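If you check TrEMBL, you get these features:
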type    : residues               : note
BINDING : H148, H212, H283, H488 : Fe cation binding site
Amino acid sequence: MAWLCCTASHLKMVSGYNPAKNQPCKRCVLVSLSQPAVRAGEVYYRSKYLRSDTYNCNIETNRIVVSEFGTMAYPDPCKNIFAKAFSYLSHTIPEFTDNCLINIMKSGDDYYATSETNFIRKIDPQTLETLEKVDYSKYVAVNLATSHPHYDSAGNILNMGTSIVDKGRTKYLLFKIPSSVPEKEKKKSCFKHTEVVCSIPSRSLLQPSYYHSFGITENYIVFIEQPFKLDIVKLATAYIRGVNWASCLAFHKEDKTWFHFVDRKTKKEVSTKFYTDAMVLYHHMNAYEEDGHIVFDIVAYKDNSLYDMFYLKNLNKDFEENSKLTSIPACKRFVVPLQYDKDAELGSNLVKLPTSATAVKEKDGSIYCQPEILCEGIELPRVNYDYNGKKYKYVYAAEVQWSPVPTKIAKLNVQTKEMLHWGEEHCWPSEPIFVPSPGAREEDEGVVLTCVVVSEPNKAPFLLILDAKTFKELGRATVNVEMHLDLHGMFIPQNDLEAEME
């Protein structure tokens with residue numbers, strides 16, 4: 001078995017690899033993948049830079065020449081005025097980086113490193129070699145896309161992206177990438193068969209919502225349009241003004257957060273307007289339908305302090321002590337009644353399920369929703385994906401408090417609110433990944449994997465394996481390399497790797 005992860009620094013992998021014979025580079029400044037693999041009681045580790053076009057350009061010139069979302073590259077001061085002018089004009093509609101540092105996506109038998117731009121990079125899961133670059137915008141009119149796609153029962157990818165001022169409109173597109181192509185078109189890429197499932201108009205032409213993920217149920221797409229917005233005018237002029245693109249994002253605390261539900265069969269949005277108070281969210285946990293309601297769970301903040309914390313000026317040597325969030329993440333459950341009495345009294349709660357979450361009808365016909373708080377202080381949530389879009393019990397997450405540095409991992413029962421924890425002093429665990437046991441019959445029958453970075457000097461990081469049901473440690477394997485905190489990852493069964501090789 002293998003586990004492939006993306007980190008903000010470089011590619012790491014464990015599969016059929018002996019680190020004693022070939023140590024990975026210890027200097028991590030770009031994008032990387034990581035994959036622990038367990039075979040016959042041994043764990044192998046491999047690490048490699050993602051050789052993106054951005055990486056190659058920067059290495060060739062020995063300086064940053066490709067702009068990132070948080071780092072703007074400017075014209076060479078030695079260029080003449082005409083070359084400088086051309087550089088400014090070419091950044092009006094920015095060409096985003098292909099440093100794909102957030103997640104791993106499976107498409108058919110292939111694997112891709114992804115970020116939030118329109119570029120993804122194919123990688124070899126065995127060798128970590130960087131393969132071809134895919135540009136979403138060649139197949140669907142999106143400038144940005146989430147790094148958290150969903151997969152339907154047939155293995156097709158469902159993802160969302162933002163189309164900025166396309167034909168005078170800014171909209172959010174849900175698109176589907178098939179898991180395979182017809183036999184007669186075997187030589188063609190699955191991406192050439194990408195189709196737009198539906199579009200949701202942005203409430204603002206020039207200030208679309210930022211979003212990192214979305215939800216899905218058996219019959220609906222759940223999209224949250226939050227008041228954390230990208231200013232398109234500022235984005236287009238960022239290069240000239242000498243600021244990075246990240247500074248073009250702003251939280252509008254006076255605005256509302258709007259919920260959109262799109263019927264997957266009819267491809268039409270539910271006409272009723274549902275909303276809640278201003279908030280910022282990155283991760284959906286899960287969503288499902290129950291008795292005419294859509295129930296969806298998210299991790300949300302009262303502001304964007306988590307985002308601001310990762311500016312370089314804040315990443316100093318006292319980061320853990322000095323960096324404090326101004327709002328703690330809360331696991332919120334919203335319950336939205338799609339079927340309700342249209343003649344219900346104004347101000348009445350339309351939710352009929354046993355929950356403290358409410359949905360109140362207002363004069364203009366919109367429905368104001370308030371959540372049930374399941375717990376506080378968790379992030380990077382993962383579920384048993386066999387229960388994705390279905391009623392479920394368990395979520396596994398990194399535990400954080402007033403700092404984004406995870407100190408423990410947790411298992412939350414969303415029905416009873418009971419929690420189990422694992423943590424040790426000086427240990428920073430990564431996002432926990434649930435792996436079901438072969439032939440599992442229960443939702444939490446399996447193991448939980450996490451890579452643990454140790455802040456204490458001279459102590460090695462390790463792969464931790466927990467019993468998912470009891471959260472008791474089953475084993476750990478230390479790795480004699482410098483590992484880094486992972487962002488998101490994917491577990492790949494050994495059989496899938498062997499099939500990919502064939």
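For all residues, glycine too, the Cβ spot is worked out from N, Cα and C.
Non-local neighbourhood of H148 (Fe cation binding site): N103, H212, S213, F214, H283, H284, H488, each in the same chain, at least six residues away, with C-beta under 8 Å from its C-beta. Shown in sequence order, I102, N103, T146, S147, S213, Y282, H284, L380 are the same-chain residues outside H148, H212, H283, H488 whose Cβ sits within 8 Å of the Cβ centre of the Fe cation site. Considering only the binding-site residues H212, H283, H488, the Cβ with the fewest other Cβ atoms within 10 Å is that of H212.
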